[in-house]
Amino acid sequence: MCGIIGILGNEPAAPRLVDALKRLEYRGYDSAGIATIDASGKMDRRRAPGKLNNLDEAIAADPLAGNQGIGHTRWATHGLPTVGNAHPHVSGPVAVVHNGIIENFRELRQELEAEGHQFETETDTETIAHLIASNLKKGMGEVEAVKAGVARLHGAFALALLFEGRSDLLVGARKGSPLAIGVGEGEMFLGSDALAVAPFTNRVIYLEEGDVCVLSHESYEIFDRKDKPVERAVSIVQGAGAAAEKGNYRHFMQKEIFEQPDSTGRTIGAYTNILRQTVELPGEGADAIDWSEVKYLYMIACGTAHFATRVAEYWFEQCAGLPVKTDIASEFRYREPALAKEGGLALFVSQSGETADTLAALRYCKEQGLKTAAVVNVPTSSIAREADLVLPTLAGPEIGVASTKAFTAQLAALAAVAISAGRAREQISRDAEIRLVRALTELPRLMSTTLQLDERIAELSRDIAKASDVIYLGRGVHYPIALEGALKLKEVSYIHAEGYASGELKHGPIALIDEETPVVFVAPFDGLFDKSLSNLQEVAARRGEVVLISDAAGVRAAGETPASRIELPDCDPFIAPILYSLPIQMLAYHVAVEKGTDVDQPRNLAKSVTVE
Ligand code: F6R
């Protein structure tokens, strides 16, 4: 959570900092602030609660000079999202912006207060500024003061630090939260990710755990966790800037929904050999896992990524005959689960690759001696670096806080991996593999056709926007899609929604049904359709407002019972959960637009959940 940026530049820093914060706003948007150093070495800051336009206004009313500065967009952890709690935090000559949580800040604060430091905020971050200022007072130089300071911090942090009087110095440090250096021409940058620095440079160095970096306009030095100077590879980042633009779309969420034929197609392309009609896992070391030796598969993730694993559970069981257990990372990590160390494989799914609970669960499994694999969208992320095998999704940067294209890319990658596991375990025939690979390669075309339903879904959303509760039902592999539908609606429209397995309806949830409650059935005409139809009729008999999402045969079979119908193109049942993700995303999007919520940055949320 929280986005940070630092600039040692050759042109006014304030507009560049705000521009970078706009691209980082997906990481948090409770408050924002910047600090700059002018030509005389004087430091000053502006901060504002709420969205970035408030900061923009504060800067317009009282401009900040200087070509160097740091900036922050906040997702509050300690203290309300007020001006006072907004970063940068300052103590003496030190200004700091921070992403993460300092767990021992109370002890440090007591110690610093005893030394005479006066605190102005309730934040953990202010402690860092005072700690480093205290080290400076003890006679340390700036870099030494930072190194000694970070050595005392417990928890997670990415930091960018400025020092009054030092207009050619920017110091960064990372442990547990991502941080990258942007290498420009006579300019240097620090950012939470490549997106932050994309308009300034495409040359990026991803710092490793425990690194401290010292930047001047012309050079950079990196020290590892043992304080040894180290070289880190410079990556050339392509196209990250363009991804942060909305283009002709009204919202990033809408753009990302419409990108899915491409993003899913790219992912499927990376996992399949169309000519040979076979699955080939991408990347080096893809054969690191011998699926014929795997006896038990654990799939661990959070939120939407967890629902991707819930769909994949069916695929791994059916295609590969593999016993699977799925878990929410925040539960898994503290349960001390008994794991099958012999033949157990732990597979983690994460868009950001930085989710704190998922990362902790990965580390737990590694400690337990399990082999690990990760389906991730950010190849330079912590989860990608730490897993034994990386299975990339090629969704491209996802900016909308509600996950859409990353979810379908995760599903596509997991479907391909399940086929590959099925082949290795001799659970599927060559003919079956050809059919499944064909089905996957059909998906982008079917997605494009499905996206044409947008107007029809927008129409339908007007009624749903009036509801205060919505129920989503699905059976089998579509049960997790119902869960995802409810999550999507909740997070962007703030309407209360619940997802259930259709068969579970009569065990309690049916009590919720009345004429005010829309019930969305995700039910293609598959082997379970008749069962779903019975449930649909039970709902209609209780005057529930049924919305059926199905195909032509399903819509025909349901007749006039559902109040509304969304008819998708026919598809192979194997890929249906991926295709049926689109209408539930479109529905959530249009309901949110209808309700006038902040679609791309819903209240209280952040894209990258790097705190537990
Ligand atoms: C919901 C959503 C979240 C994330 C979850 C995990 O739309 O985006 O539920 O799926 O926070 O994030 P990652 O995939 O980055 O680990």
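Cβ atoms are placed via backbone N, Cα and C, with glycine included.
Features reported for this protein in TrEMBL:
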ACT_SITE  CYS2  active site, nucleophile
ACT_SITE  LYS607  active site, for Fru-6P isomerization activity
DOMAIN    2-218  domain 'Glutamine amidotransferase type-2'
DOMAIN    285-427  domain 'SIS'
DOMAIN    460-602  domain 'SIS'
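Annotated pair the residue listed as 'active site, for Fru-6P isomerization activity' and the residue listed as 'active site, nucleophile', C-alpha to C-alpha distance, rounded: 9 Å. Helix first, then strand, then coil: DSSP counts for the domain 'SIS' (285-427) stand at 68 helix, 28 strand, 47 coil. Across the range of the domain 'SIS' (460-602), the DSSP-based residue counts are 72 helix, 29 strand, 42 coil.
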